[in-house]
């Protein structure tokens, strides 16, 4: 059954409110899983796309009652398998098995569920696997592991909101009283046209920053300059992959695309959020309003792309995630959906290293190569809320070159306290306000309500999706790579700055400014739309293995490693790369404390990227990294040939810093526990603040690591990417890069004067 956009909408909404409210309630926070590792299988040859494999190993595993079942095609060959065949296999397997349907984007793989098994358990069901395998139509069977995925930026409501009376009173009014404010007159009205008349528009400082809530005037997404060019997201659909969307909301229902929506948490076409007392499942509805909330209807605020369509993909509302749920979500209706927005990921605890599993990775790569009828789907990812104690290059979703990783800034230009930093971030948008950190993004909320408290990088990713929707209306022929190039060339440094002065703005080898927190700057909707209108698609993309080191090398916190690798960037071959897009350092290493390892990659043109920063909460000494692709965008546009340098070192804090940081409650057996023990023994024998045996304490903190492999992967074009574009502004990034390419020539290395960022 598929909902029409109007005919069955209210009926579907009522159905889901009743049915999903009756489901057994659980807290998505209550069930804690062991840190799961990721298996990035040997990367696919899909179209021209090649990516190395990586995996992390976990000590324990959880298994669901879901199975991926691959069937033999007609006459035993590979090929399309009819749904009826899968139904018969499930029937022959016995009571309890059900064929849920074909896995999106595949010809012969199906999702089976065994209703007689627990939904989650600590061991594999060998009898169930063997029962399916003995069927002559079955080629392979895999029971799906369960793992943890979390929403980014969720904040619980005030305690008073939990009671029935408070909730009833809150729902009784159409809007909170403080939302009902007059819309002020715009001093730029003549230039940009009338302001939206929605009651929350004046609170949407990320759309128009007048200095409200302590912000810096004009530090915003510059969307009104895009709207003034006649674009508002028409004929573009963004899918919100989350905990559901309230598609009956007055500000969303006329932009809701039911055909492109689905509920993979419950396997039905109604992605309505499951009811909870604390409104925990408001996350997706809030993200949807940022993109596609209607304009001038007197409800809540205005979406970045207010005429674009929104699809709801409910896939995040269960105590565990599976590879099949993710893969089906990211491969759902790739020719109806243009943009997939994800404001979630692995746990942002500063200890987890995780990313997409096999089926999910295949779905993403298939999406960028085949989606949108060959132009490629755009996957937008929130970079993470782990703050300075985490690094988003340890998140295989945000750090993927197939996705666009978006960080956030607050409305005075500084980074938010929860922002992670990493070299894979491409650009930034906005989250909280400066004057009141609890006041965030104004958008739609559950049950027809509005909110001003949406926050985190969860709020940043949908804003970016809205900007990309504007660009796609301006030029529907843009490919997924065109969107990334447009992001690099039109994002602005503006007033963005690191509040703790750790990371400065730095110029790469072709003159592009970047920041380790903000990528290439804040998105500029007006600038992106203008350039999109004159855009010519970039040339074909190639992938070159630039070389590798496989000799095992030891490093300690007293002596790091510096490795050199000379490459001709596959010159003279079919995979020759001359102009860089993404660069990956595929690393295998182990150490006595993973969280103290730092990695730096230096390009032949002198650009220094921190591809892994210190993560003080990561006390792993067993798993390390196995073929993990650390990615940087900082060398965008540079020439790749010449000498690349990898620096590997421990960033171990001083003895005083260690005891201060971990002295209260170190984990048993951890480095911190050993340091504390050394301190206690020394203090007891020499007086608490006497002559502590520093040598013993330093020995307790001594770290050792082994770099086992480094492979350099270069991704980019053979031909100049912007040769067909006319330069309209001599001071633009486009002009700067084209000039650098002209000066350098095809066989010259140019090093621009840089300011060190680290």
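Any Cβ shown, glycine's included, is placed from N, Cα and C.
When the ranges 30-51, 52-73 are checked against TrEMBL, the one recorded as transmembrane segment is 30-51. Counting in whole angstrom, residue 458 (active site, charge relay system) lies 10 from residue 242 (active site, charge relay system) by their C-alpha atoms. Of all the Cβ atoms in the protein chains shown, 30 others lie within 10 Å of the Cβ of residue 242 (active site, charge relay system).
In the three-state DSSP assignment, the secondary structure recorded for residue 458 (active site, charge relay system) is helix. A separation of roughly 7 Å, to the nearest angstrom, links the Cα atoms of residue 283 (active site, charge relay system) and residue 242 (active site, charge relay system). Taken residue by residue with DSSP, residue 242 (active site, charge relay system) is part of a strand. Residue 458 (active site, charge relay system) counts 29 other C-beta atoms within 10 Å of its own C-beta, drawing on all protein chains shown.
Following the DSSP three-state reduction, the secondary structure of residue 283 (active site, charge relay system) is helix.
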